[in-house]
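Lifted from Swiss-Prot, the feature list:
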BINDING   72, 74, 87, 90  Zn(2+) 1 binding site
BINDING   463, 465, 467  Mg(2+) binding site
BINDING   812, 887, 894, 897  Zn(2+) 2 binding site
C-alpha cells in the first residue's frame, strides 16, 4: 500500500524479529549438536563446602557458563578485558553469567526412551503410526512383553506381542538368530524407523474409500490425519523415541541458599538427578554383563524416571518430594494458572506502578485523579532526575536521588511541571471490561490515598469502603499519546456493551438533583398569596439569594417574612420569550443544562438523567457532555447537602389496610384448605393456590405502602419516597419489607414455605420469623462467592474463543442478511424494534409502508437513532440487516456487518478488537446473574393473570385455534399453540381478516397467545371494546376437554397398574388418579358415538398425575372436562436460569431433560407403545412422508393427536437441543435461537446487552464444517475444518477440474472452539496444553501470529487497535516522509497509495 523500502524493513525488524513460529519434534542430532553445550554425566549439583557448581554436574560452569560475570571458575581470569577467553585450567568461558539462562546441556541415554507425550496423550501418536493399541504399547515400553520386529524365517507376524514363555518357546523352536524381537524404547524405535509412511498412507486411503461403516471411516480418518501430519512435515516418527534428553538451563531451575545452611531447589533438579542416577547405573550394569532380569528392571526404571521428568503422574504414581508432595515436572511448568503461559507470558508484573486505597474526590474534574505526592515522586523518579540534570541542578544520578530523598523544594517544582499533561492509568481489579482501566491527568495531593472522581466509580465498580486501585505510568511518547487520545475517562462515558451512559450521577448526586427538580409542593394560592412571576432567570436567582438559599452562610429554606422564595414553590418565569410555569429549583438546575437541550421542566429520577446525558451527547458532542456531567456532580452534591434528607423511623408508614388485607388472605387460604379437605382439589393445587394468594397480598400491600409514602405532609416530601423514587437507594421490594410484610420465604432447597412472614421490619419479626429469614441471607452470601468464580471462568472462555475477531476491512460486500423484529411476550413489547436496529447496517431499502416514494433508510446505511424512531413509528414489523453472523470477511469481520461502535456512536474502526469487547460485554454482567436454578412448581410456571382484558376497540380473530363450545356457551381452546388477535375494525369479513393476518398484510393491535383450556368469552369475528374481558385462564389445572359428543370408555386405565384410587384423608372421597407405571399400557379415554361402544369418534391420552373426572359409560357433550392435570402435579421443573444457562448455551451442551422437536411439517398421530416409549408420528399429508419419535412415557407431551406442527416445533416439555435445531432447521434458525436464548437470561435480570456481541460468539461457535464427502480434495471424511479452509480447498480442486467436497455445519461449544483455533500457541495457553503442543509438533504446525494472544506471548505488538497493520504502515510512511518534508505539503502524486 505504501512503498516499503529497506529503511522500513529495518524498522520492522527492530519491532518484530519474526512473523511466524513453527513447532516440530527435535531429532537426536538437534538435541546433541544444536542445542546442547555439553553432556552431563554426574547427578551432583554444587559442592557442599565451597558452594561452587560441581564439574560435569547439573550446574557445571564449563557447560553452562560462569556463575559470576566475567569470571572463570578457578579465578584465573577476572574482569571484562578477558572477554571470550576459555580458561585453560577450568575450561570455563569468560562471559556474562546470564548465559546460564540460555545454554542447554544433554544427557546421553543408555537405551532409547519413549517420550510419554507421544505415547500417553490421546490419541496416541505412536499407537496410530504403528497401528497398535495403547495397552499393547504400554506392555512393550515398560518391558513386560516382547514385540516382533522382523519375523525372519518364523511363522510369527510383525508387531506380534510375545510374553516371556512364548518368547522362550519361539527361541527354542526357531533359534535366536532366526527372528528379531525386542522390548522397551528400543523396540518402538526400530518399529517406527522401519515404518513406510507413504505406502501406509496409500493403503489407508484405499481402505477409507472401500469402507462403508461410518464408525470405521471415522476411525480411519483420524489415523490418516496423524499419518498425513508426519508425511507433510519434516518429522521422522522415530524421533518420538529419545536417545538423549535436553537439560534445561540451570538458572531456570535454580538452587537458592536459605538461612541456616539449607537450600531451596526447583523440583526439576530432583527429577534430572533421578534420570542421571538411573542412567549411570544402567550403563554400569550393561558393561558388567548383568542378568537380563536386572537389566530389564533398570531399563524400566529409567523409562519411568524420564516419564516423571516430562509429565509426572501421567503414568503410574507420581514421584513425591519432601512432605509427600508430587514434584513439578516440565509439563506442569507450562500448564494451568501458574504455568509459564498464563503466569509469565500472558500475565506479567508491571514496573512504574503503585497501588493505594481510594477515596472520593468530589473537587476533581472528570479527567483528573488525585495522586499522593509520595507516590508520584517514586513513580516519576526517572523523569525528575532527567529534568534536574537538564536544569543543571545536579550532575550525577546519585546526587539527584539524594536530592529527591531530601525532598528539596526544586524537586516538587519539577514534579509539578512533569506531571502536567502526563496521563496515568488507573486500574481496579477485577478488570471485567475495558472500562476497568482508564487514563487520568494526575493532580498532586497530600495524604496517602488516591482520589477518584465520583462519576467514574460505576465503570470501575468501585466504592470507598477500602477498595484499592493500581496506578501505571505510560513511559514512551506513543504510550502517553494512546492514553491521552484513546483511554482518557471522558472518552469512556458509554458502555461498549449497550451504548448506555455509564458515567451517570448516582446516590447523593441523584438525590440532590431529584430534590431540586421535584414537583411543586408549595402553592401560594393555597396560602392566600399569588403565583410570583419573574421576568427572567436572573430575577429568580436574586429572589433565591434574598431568601438565603444561594448563600452558604444562611441555612434557612424560606425567609418567614415572605421576602424570599420556596425552592419547590410554583412560580412563573419568562424563558426565551415564553412564560413557563415551573419551580425555582428547576430554574436553578437549567442553568447547567446546555442551551440546545431546551428547558427541562419535569422531575429527574436517575433514569431520566441517564436519558438526558445520552441526548446531550447526541446533540452537543463529547466536550459539552463532560462539562455537563461535572456540573451535574457539583450541583447534586451541593443540593443533597442543603436538602439534608434523612430517614426517620416514622417515615415508614404502615398502610392502614394491612390488617384487612391479611384477614381476607387468611380467609381465602381457609377456603382453599376446605376445598382440599372436601377432595375438590389435590394437595399440589392447594399449595400453588395458597402461594398465589400470598403473592397477590404481597403485591397489593407493596403498592398500598408506596402510595402511602408518596403522600406529602405539610408540603414536604417523605424522605424515604425521595430516596426510592429518585433511584438513589432502595427499591419497592426493600420498602415492602420495611413497611408492609416480608412475604414468602424459601427453604434452603429452594422450595417456597407456604406461610409467609406477615411482620415487617418496622414492627419487628418474631423469633420464628427471624429464623426462617436467616436461610435466605446465608444462601445469598454463599451464592455470591461461587458466582464470582464461575462468572470469571465464563469470561475467560469467551475471550479465548473470540480474541481473534477484529475488524479487518470496511465492507465484505456480502448479500446475506438476518431479519430482525421487536421482542414480544404475549401482547407486551419487551424490546422495541428501534432499540434492536440502532447502529446496524440496512441490507435492503426500507420504505414507508404503502408509500414507495418515501425512503426511510437506504441499503448500506447505518441506522441512526432518528431513523430507528422513524422505522418503528412507521409500524414496520421486521427489517433485514447485515450481521457478523453472515459476514464473509476472510479473517475477522467487516465494519459494515458490525455497525456502530456503541462506545462512541461512530462506525467501528479498522483493527478494533470487537471479539474481546463482545466477550467482556457478556462476561462482565455475569456476577449480576443468578446462580440458582429456579424451582417453579405449579402456578409460577404459567401466566399468573387469571383473565385477559383487551386495551383497544376492534374485532377479535382466532388464529391456529381448535375450539369447542362448552356447556356455558363459551369457547374452550383444545390445542396447545395458538393466539387471539384484536384487529382494527375495517368492516371486512372474518375470512379476509384471517387471510390478511396469515400473510402479514395487516398488523394486529394486540396479540394474546392462548393455551389449552383457556375459555374465550368472545366469538370468532365478534367486536370487542377497550377494557372488555375476552378470556379466562385456568391457573391451577391443565384440562383435558372432550370435543365430540358420545360415551366414555376407559382404555388401559387398569386399577393398581396404571391408575390408583386414592381416598382423600380429610373427606373420604375417592379419586381416580393415573400413576406413573413401567408397563406396556397407554392410558386413554375413548369416546364412542353410541352406548353400544361400536363406533370410535376420538381418543384422549391421559398423562400420569391426572385426575379423571368422568365415569365409564358416562354420556359426555363437547366442552366437558374428561380429566384435569393439576399444574402442581407436573413434576416441578428446575428451570435453569442465570449463569448456568448462559454457560449451557455457549458450550452447546445437551440439556438434561431435552425436548423432542418435529423433524418435518405435518400432523401428529400416535402408534401405540414400544419398550416403555410412546410412538409419536408426524405425517406430512401432501408428500406422505412420516417421521417417528420414540418418547418416554414419563415425558409430558405438549401436542395432541390431530395437531398440525411445523418443522422444529417442540413436541414435549423441556429445553431444545441446539444441535437438533441446526440439523433440522438449519444455521439461521440456530443462530436466532442462541442469540434470543442468551438475551432472555440477561433480560430477566434487567441487563442490557446489544445483540451484536452475542452474534460474534455464536459466529465463533459455527466456524467449522464436518466433511461428509471429501470428493477429490485432500480433506478427510468426518474431519472438522474451518469454513475458510474448506472453501479454499474446494476452489483449488474445482480449478484443477476435480470434484469438490461436501460438508455440513458443526456447532462447537466455546471451549472446543478455542482449542480448535488455527494458532497452537493460543490454544496451548488456554487448556489441554500438552495435548495441543503434541498435536502441533507431530504435524510441524506453523503459527502465523495473527491473533492477539499469540502476539502477547511472543512479546510482539498486538495486531489490533494502533498495532493493526494498516495503522502501522501509515506510521512508517509518515516517518519516512518527515525527514524530507519538514514544513512542506505532500504533493498528491507522492500521497497516492
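Cβ from N, Cα, C; glycine included.
What you are looking at is a predicted structure, and each value in this text was computed from that prediction instead of being measured.
Features recorded in Swiss-Prot, as mapped to the structure shown.
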| residue | record | Cβ neighbours (10 Å) |
| --- | --- | --- |
| 72 | Zn(2+) 1 binding site | 24 |
| 74 | Zn(2+) 1 binding site | 14 |
| 90 | Zn(2+) 1 binding site | 16 |
| 463 | Mg(2+) binding site | 11 |
| 465 | Mg(2+) binding site | 6 |
| 467 | Mg(2+) binding site | 17 |
| 812 | Zn(2+) 2 binding site | 19 |
| 887 | Zn(2+) 2 binding site | 24 |
| 894 | Zn(2+) 2 binding site | 22 |
| 897 | Zn(2+) 2 binding site | 29 |
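Across the structure, residue 463 (Mg(2+) binding site) and residue 812 (Zn(2+) 2 binding site) are spaced 44 Å apart at their Cα atoms. Contacts of residue 87 (Zn(2+) 1 binding site) defined by a Cβ separation under 8 A and a same-chain sequence distance of 6+ are given as 72, 73, 74, 76, 77, 93, 94, in order along the sequence. When secondary structure is read from DSSP and collapsed to three states, residue 894 (Zn(2+) 2 binding site) falls in the strand class.
Of all the binding-site residues listed here (90, 465, 467), 467 has the Cα closest to the Cα of residue 887 (Zn(2+) 2 binding site).
Sequence-ordered, the extra residues of this chain that approach the Zn(2+) 1 site, with Cβ no more than 8 Å from the Cβ center of 72, 74, 87, 90, are 61, 73, 75, 76, 77, 88, 89, 91, 92. Within 8 A of the CB centroid of the Zn(2+) 2 site residues 812, 887, 894, 897, the other residues of that chain are 809, 811, 814, 882, 884, 886, 888, 889, 893, 895, 896, 898. Highlighted in sequence order, 358, 462, 464, 466 have their Cβ within 8 Å of the centre of the Cβ atoms of 463, 465, 467, the residues recorded for Mg(2+), and are not part of that set.
Closest in space to residue 897 (Zn(2+) 2 binding site), of the binding-site residues given as 90, 465, 467, is 467, taking the CA atom of each residue. Between residue 812 (Zn(2+) 2 binding site) and residue 467 (Mg(2+) binding site), the C-alpha separation comes to 46 Å. The Cα of residue 894 (Zn(2+) 2 binding site) lies closest to that of 467, out of the binding-site residues 90, 465, 467. Residue 812 (Zn(2+) 2 binding site) carries neither a helix nor a strand DSSP state and counts as coil. Look at residue 87 (Zn(2+) 1 binding site): DSSP puts it in coil. Residue 90 (Zn(2+) 1 binding site) is 57 Å away from residue 467 (Mg(2+) binding site) when you measure Cα to Cα. On the backbone, the CA of residue 465 (Mg(2+) binding site) and the CA of residue 90 (Zn(2+) 1 binding site) stand 62 Å apart.
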